[in-house]
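Here is what Swiss-Prot says about this protein:
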type: ACT_SITE; residues: E52; note: active site, proton acceptor
type: BINDING; residues: H49, H53, E129; note: Zn(2+) binding site
Amino acid sequence: MKENFNVSKLKNGLTILTYNMPYVHSVAINLIAKVGARYENEEEEGISHFLEHMAFKGTKTRTAQQIAEEFDSIGGYFNAYTGHENTVYYARVLSENCHKALNILADIIQNSIFADEEIAKEYQIIMQEIAHHHDNPDDLIYETFYNTVYKGQPLGKSILGTTKTLVTFTKEHFLNFIGKHYNAENLYLSIAGNIEHNKIVMIAEELFASLKQGVKSSFIPAKYIGGKGFIHKELEQTSLVLGFECTSYINLGQLYQTYLLSIIFGGGMSSRLFQSIREKLGLAYVVGSYNSAYFDSGVFTIYASTAHNKLELLYREIKNEIIKITETVSTEEIIRAKMQLRSNLQMAQEQNTYKSEEIGKNYSVFGKYILPEEIIEIITNIRADDIINTANKIFSGTTTLAIIGPNDLNGF
């Protein structure tokens, strides 16, 4: 409900967003920094993710152990993650411990010390993360896929960075990056749960007043390139990822048309890919589709794994299904897909972790809170022709194909 949502802006520009859920006992906190891997230049590749790792390694007032102990003492859960477009620090605690959790979070964001020994230690941990990533066929094929989709662009590069850049990072690098991006205009504090907005604003004024106003960060616009990427690796199966350019998340009408297309095409057990490729032909255990959306671009992705000698047949059958969905979509498929989308959206409204993410993302992207009812209306008004037109627009574009396996793949 809109009356449960409130927004305020501090004098320094920090945006405070709350959604009151009086029937729960906890609060979910998200501090969103509008900076991620796509904001990095070549010398900074991996620094957003590295910085997120360093958030728990000590501040001017707390050691790393004290940070861990203080969160454990209030029974809280605290973590962070890095994407291409933002970095998010989040916590979930009982409502009575919200002030304490925000105190720790504010300390981490504003007062981390980046000790040399902790940087060296975390560098080794991230190197292990990269090694694990390269040993995982799924991670490897998607890295190759996005490198091909956005060739030579920050949006196509791994958030983990490379050995070449990571080894160079010092305390000064982290402080400079924070100074450039972690300012009040570039941060959004979103909280959902059993809270009062005015109290949260007062706490935020106390804890975040020293943040400089700064300016919003910018990035280089993405351009879909496409092409082919092959990885030779001795595996039990060969996997492929097939992609096409689709809408960004800015156009909500097109975005939800694409969501519905993805559900019908490869979004579950009743989807066309699952029924054809797995149930009817027995070509794959894993097969499906989804779409990834960014501020200025998007990718519709189809994935599957099969026996080495079935790869060409699998690829051919996927292409056949693509042709079919550009021609017709049944009423039953649309009803089923709409119900899946609506159910997921409405059931998520009951979770304060989801609401905190939702209001934060809405406001950081659109500058407003988009009501669930508005989204449901968009979904309800989508027709079969809309989905068919979306399918034709997407599948007539440049193809990206990534394959990993032991075979000679030059024929593709």
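Note that Cβ sites are derived from N, Cα and C of the backbone, with glycine treated the same way.
Shown here: features listed in Swiss-Prot, placed on the structure.
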residue : record                       : CB count, 10 Å
H49     : Zn(2+) binding site          : 24
E52     : active site, proton acceptor : 19
H53     : Zn(2+) binding site          : 18
E129    : Zn(2+) binding site          : 13
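Residues H49, H53, E129 make up the record's Zn(2+) site, and a Cβ search at 8 Å around their centroid adds G46, F50, E52, T82, E122, I125, I126, L160 from the same chain. Here E52 (active site, proton acceptor) is positioned 14 angstrom away from E129 (Zn(2+) binding site), judged by their C-alpha atoms.
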